[in-house]
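> A single structure is presented below for examination.
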Amino acid sequence: MGSAKLKIGGAWSGILEVELEEWTVLMLREEVAKRSGHGGGPETINLICAGKLLKDGDGTEKLSQLGVRNNAKILASRVSVDQGKSVKEESLAEEERSTRLSRLKAAAVSLSARHADGSLPVEDFNLELENQSGQKVQLGSETDQRAIMMGLMLHANAKALMRKKKYKEALEVLTMGEEAFSLCDQKLIEMVDNVPILQIDMVWCYFMLRDISWLSVAGVRLAKAREGLERSHGKEASRLRLLQKGRYPEIALHLRLELLEGVVAYYSNQTEKSRKSLTSAQTKFLQLQIPDEALSLLLGMGYKERDSKRALRMNNQVVENAVDFLVEEKEKKARKRVDDLKRQKEIMEQKCYGTTPLGKAVDIERLNELVSIGFEKELAAEALRRNENDTQKALDDLTNPEANSSIQIHIESRKKKRLRQAANASIEELVSMGFPREAAAAAIRSLGTRQAAIDHLLQGTSNTAAAGDHNVDNTLPNDQGGDGIANDPLTNDQSEDGSGINAGSSSDGGPSHNKVETRDVEMEDEITGELLKGDAYSDYDIEVTEEGEAINEYLALITVGVNVEIGSSS
């Protein structure tokens, strides 16, 4: 067999003439490494042909045995010298990654369950679904809400991994996010663009890993993504343009989509389709380049560089529109801060009222409705709590003298129990400071507040405070009915996290929900931290430098291929 021509692209571009029956993968890598001129050895070069990575094997297999043919297209990519870890290190890393993924999924399940079903959050914030205008939305059933929320959490976490170039880990998290979204009613999913964007992100991870074994799957994902974007954004993004007041947030996203479509077409030997997609992506890339003059104007107005670039990209480089965008975003963030503070206060208030027999928080809107027609707030809150936020049933109790009296008695009892709990806590604190328990209890009883008791005890008058009280128990005696509550650090009226009445405190003996959930606080904080950093434009805010390089790389590959074919036919 004579010599064959191989079309090489990537780390080095050109034509190599080789003997397929003689050359091994190592010989080919050595030749590409030498011609690339970057000084690295063959171990710094990866070769991909027909969708698979060419491996050295035992070093004896020839290129022809591996399926390499004349005029084959080969992508050469450069890797770091120390990329190959030891088997032991890889095994440990895999185990650690697997553990982290399990923790991540469990934390996302826990967060979505707590924040989608109306339960009283243990945090001082609520995770709520919003549209692109920042307005709260209710999508479907509780199950749908939970599925969408979980999918969004995992997608946000995956994006953070992508920013750190951890594409393999990101791909695993994106797969879990896709699974979460699949649990939602598909009619609801078709209304939003989150799933199409997730599909594009998955294919981008495939691409960045340079593992083209995903080729057939990638084509299907990209087709679904394009269809989903058109369905949610409208044809030629007409619906999105209307919602965004004529802005162009989606250009970078479509650039990435067309680049990936071009790459898939290239490896499927659809040269013209690949050229068309890559050329369109290149046009969008040029459209997103920021003019120095426009950027300088915004920087001169005091805006940060990153915010300025984002505003210009979203507004087709029109400075006036970019300024309007920046002003709007600043106002939106200010409103969000106010709303968040308001919600924090509401959550603290809800924790005072406790949870319903089914573990839900008292509905603040319904509570305010009852207060607006003249009912005392604490009384109305307890009526709603007992009746699972059913306004009509709460009204029936409030207007029934017997039920109303029962609620008032319960509230007074609860207040006294809380006072005893606070007193016992203060006593324990004083004892931990070294004061005698008897003296501390007497000081708290006579003076009421912890600080006053400390001042009194420090003045050495504890004996006076304890006069006539020689038989003081370890805690304040329960003088409110002898129910022994004072000796119990947690009563039925307060959950373990101090969040007020537990679900089991229902005055009519309702079911108890006293189970304390084990939380992975570290992982939950990581998830919510990523969510709180994002905004309505985060999915569209793509830095397209890598995309630009890839477009040029694959257009060059196509050009090389065409030139070779013309040369061989002459």
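Note that Cβ sites are derived from N, Cα and C of the backbone, with glycine treated the same way.
Feature list, courtesy of TrEMBL:
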{"type": "DOMAIN", "residues": "24-74", "note": "domain 'Ubiquitin-like'"}
{"type": "DOMAIN", "residues": "289-329", "note": "domain 'UBA'"}
{"type": "DOMAIN", "residues": "361-401", "note": "domain 'UBA'"}
{"type": "DOMAIN", "residues": "418-460", "note": "domain 'UBA'"}
{"type": "REGION", "residues": "464-520", "note": "region 'Disordered'"}
> Suppose you look only at the domain 'UBA' (361-401); what would the mean pLDDT be?
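Result for the domain 'UBA' (361-401): average pLDDT 92.
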> Can you tell me how the residues of the domain 'UBA' (361-401) break down into helix, strand and coil by DSSP?
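Within the domain 'UBA' (361-401) the tally stands at 29 helix, 1 strand, 11 coil.
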> Reported in the order helix, strand, coil, what are the DSSP residue counts of the domain 'Ubiquitin-like' (24-74)?
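Its residues divide into 18 helix, 11 strand, 22 coil.
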